[in-house]
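Database features (TrEMBL):
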| type | residues | note |
| --- | --- | --- |
| SIGNAL | 1-20 | signal peptide |
| DOMAIN | 22-136 | domain 'Transthyretin/hydroxyisourate hydrolase' |
| BINDING | 32, 70, 134 | substrate binding site |
């Protein structure tokens, strides 16, 4: 059976939890995880997104990194507002699946958004024994 490319694109658009970069608004948060211990993208890492409101963390998203290590939009059902945000990268299951012990079962990155009209990219470089993060573009 030979499917047409348009049919495949249509089916992919209907699948829950998927979005293409063209669907992502400018005012959004994306993420990227690179496994520097293996020199490759870290696919399959779950990223939980939260916003702090009234001294509580409210969950606004849950996505898995794609094979290229990216999440184009961590909170597709939430419009950005100024505030304090937290991304939790669940790293333990990623390394467990590779048969590698890790010192960090998860990594939390907390950051403040003042201009909710911009795009925010939050990459994580990761190894079993360390990590680093920065504001990307």
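Just so it is clear, glycine is given a Cβ too, placed from its N, Cα and C backbone atoms.
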Query - Residues near residue 32 (substrate binding site) in space but at least six apart in sequence (CB under 8 A) - result: 41, 65, 69, 70, 71, 121, 122, 123, 124, 136
**Report entry** Overall pLDDT of the domain 'Transthyretin/hydroxyisourate hydrolase' (22-136), taken as the mean
**Finding:** 96
Query raised in the report: Using DSSP, how many residues in the domain 'Transthyretin/hydroxyisourate hydrolase' (22-136) fall into helix, strand and coil?
Result: 8 helix, 58 strand, 49 coil
Query raised in the report: What same-chain residues, at least 6 away in sequence, bring their CB to under 8 Å of the CB of residue 134 (substrate binding site)?
Result: 123
Report summary line: If we take the residues 32, 70, 134 that the record assigns to substrate, their largest CA-CA distance in Å comes out at 15
Query - Near-site residues: substrate, ref 32, 70, 134, CB cutoff 8 A to centroid - result: 30, 31, 33, 34, 69, 121, 122, 123, 124, 136
Report summary line: If you count the other CB atoms within 10 A of the CB of residue 70 (substrate binding site), including all protein chains displayed, you should get 19
